[in-house]
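Visitor: Input: one structure, supplied below.
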Amino acid sequence: MADLYPVPQDWAKRARVNAEKYTQLYGRSLADPGSFWLEQARRLDWIKRPEIAGDWSFREEDFRITWFVDGRLNASANCIDRHLKTRPDQVAILWEPDEPGEEARRFTYRQLHAEVCRFANVLKAQGVQKGDRVTIYMPMIPEAAFAILACARIGAIHSVVFGGFSPEALAGRIQDCDSKIIVTADEGRRGGKRVPLKANVDASAAHASSLQKVIVVRATGGDVAMQDGRDVWYHEAARDVEADCPPEPMGAEDPLFILYTSGSTGKPKGVLHTTGGYLVWVSLTHELVFDYKPGTIYWCAADIGWVTGHSYILYGPLANGATTVMFEGVPNWPTPSRIWEVIDRHGIEILYTAPTALRALMREGDEYVKRTSRGSLKLLGTVGEPINPEAWRWYHDVVGGGRCPIVDTWWQTETGGALIAPLPGATDLKPGSATRPLPGVDPQIVDAEGEVLTGAAEGNLVIAKSWPGQMRTVWGDHGRFFQTYFTTYPGKYFTGDGARRDEDGYYWITGRVDDVLNVSGHRMGTAEVESALVLHAKVAEAAVVGMPHDIKGQGIYAYVTLNSGEEPSDALRKDLVAWVRTEIGPIASPDVIQFAPGLPKTRSGKIMRRILRKIAEGDISNLGDTSTLADPGVVDDLVANRAA
Ligand code: 6R9
């Protein structure tokens, strides 16, 4: 067992949970979930404390998932108001701007309360009511947090759309949840560049007929067009509203937010999370996994537009009375030292980031790290994709100076918060393994037939029992929710991931087993990229697969068949890449486009992706059985014209 990093002794002594306590907590959580979860629910402030814990079934005949259903609470009151008694003057949100020379902004819990109340009153004044969907399309500025928490305060359902998504992608997400109002900014800033958010909203409006109001936060002062009767400057509207806004009492199962994520079909799913279970889950997991003690300066370097930003920049940390850092910029601007400089500047103790960022910074050499102190760091975390052991060791040895445990947290938009992750005071670490399940999580490895494999095994990862942070439905399509997650292995939640469990019971996530790509930790459905490509006037057909990529983890490899009469060219290749960027956003840019006169299809017309994946990976010696193809000849052409 050479590659084992035992729990450091001081961690075992000081942490909230040591190995013995973990075993006991985990055991109780599965043996007596009712009392375990009602006890855990006490970590929140309830208007009415629940007496019912989980009530769920993953079977078709009585399919249901509820947690704490008789409880009442408000998420924003839990993240703000209850800290006003204990830590009103502690910094809640510490904002680091894109420009390194610019001053950081700090909001204490008292100030956060005032800002969120004001934002909530502006939303109300614009007609937003409990249950309405509010789209939030914002840069990483404090107002994004205020808008999110303001929705929670008045019981509106927020749907945050990542600021890097295109007008088309934004329109689809506004329309799908029938959102009448959007909160945006004039522009965003990232790595010294401007992002035209308001102009993107204007462009999306033509395809989003539900949209009636646009609230615009002035962030850069850039010039934007304002449409009379539709567009409202936030700073103007905020002048006319009252300073206080009492939190709306919500049922535990009332929706808190929708977040769109890619699945294996073309249309992103609106993942719905509710209030009580989600908040219990993110608060508990944030406390356990980061061994969080209130006041510790903590930085989750995700974007607020992804679930990691929702759960571990905002809801989890704020529920726990944290000082949470929000960073407007990017890791490699103006230099690859930026992250480490921000850590030194603010005395950050916990850093939570993605393997893709680490790989990109690792490539620049150790000098950029070593010229900074990082003496404040105590704990490191990763999320978003499997971390390769090499990047893990670099993070541990170079970034953390060998002192800081790494918590590799496996989870999904659907799971609300981490499900498999080490606890720094309890779990010996193995580089590349997310280690063991958190309390209440019952993972299983099943084979293709659904047979549960025991002991050391590799197969598909399912979760056998509900946990409070589980998504409750796909917005507007409950049938799709059941169909997507509970029919592959009846009675179990199917994650879409493959995993291996070793002889010590440690889990090693091997990646997606469905048609979902993970590009730089961002989920992308192959079908979404394909639909974008075939919208192009010259494209007849497209098939997209993942390919190994040093920095991004996975890159996008697209096979494109042109309409007859159209000629392949480098110019067209560039045009298609630009096309996908405008249709979806820069994160979906294909890395490779191979023009293909034909795609390998079965006689029933199904594209054989297995073959396309192998060619993209360059593994052409072993293409497997091609005899079932309608025209085996196309494979020779694909191999001969490999583009990578
Ligand atoms: C939180 C988040 C979910 C997919 C998931 C898996 C991959 C996330 C991981 C990981 C290995 C980890 N993933 N964390 N794989 N180790 N620590 O990323 O949510 O964007 O929905 O992506 O990401 O494949 O299924 P989301």
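Using the three backbone atoms N, Cα and C, a Cβ is placed for every residue, glycine included.
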Visitor: Can you pick which of Asn332, Asn460, Asn622, Asn641 TrEMBL lists for the same CoA site as Arg190, Gly191, Gly192, Lys193, Thr308, Ser520, Arg581?
Guide: Asn332
Visitor: Starting from the ATP binding annotation in TrEMBL that includes Gly384, Glu385, Pro386, Asp408, Thr409, Trp410, Trp411, Gln412, Thr413, Arg512, Arg523, which of Asp366, Asp428, Asp497 is the extra site residue?
Guide: Asp497
Visitor: On a C-alpha basis, identify the one among Arg190, Thr308, Asn332, Ser520 that is nearest to Trp411 (ATP binding site); the candidates are the binding-site residues.
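Guide: Of the binding-site residues Arg190, Thr308, Asn332, Ser520, Thr308 has its Cα closest to that of Trp411 (ATP binding site).
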Visitor: Applying a 10 Å Cβ distance cut-off over all chains shown, what neighbour count does Arg581 (CoA binding site) have?
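Guide: There are 17 of them.
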Visitor: Round to the nearest Å and give the CA-to-CA distance linking Gly192 (CoA binding site) with Val534 (Mg(2+) binding site).
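Guide: Rounded to the nearest whole number, the Cα-Cα distance is 33 Å.
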Visitor: Taking every protein chain shown into account, which of the binding-site residues Thr409, Thr413 has the largest tally of Cβ atoms within 10 Å of its Cβ?
Guide: Thr409
Visitor: Mean pLDDT for the domain 'AMP-dependent synthetase/ligase' (81-466), rounded to an integer?
Guide: 97
Visitor: So which recorded positions out of Lys193, Gly384, Pro386, Thr413, Lys606 are up against ligand 1, CB under 6 A?
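Guide: Only Gly384, Pro386, Thr413 qualify.
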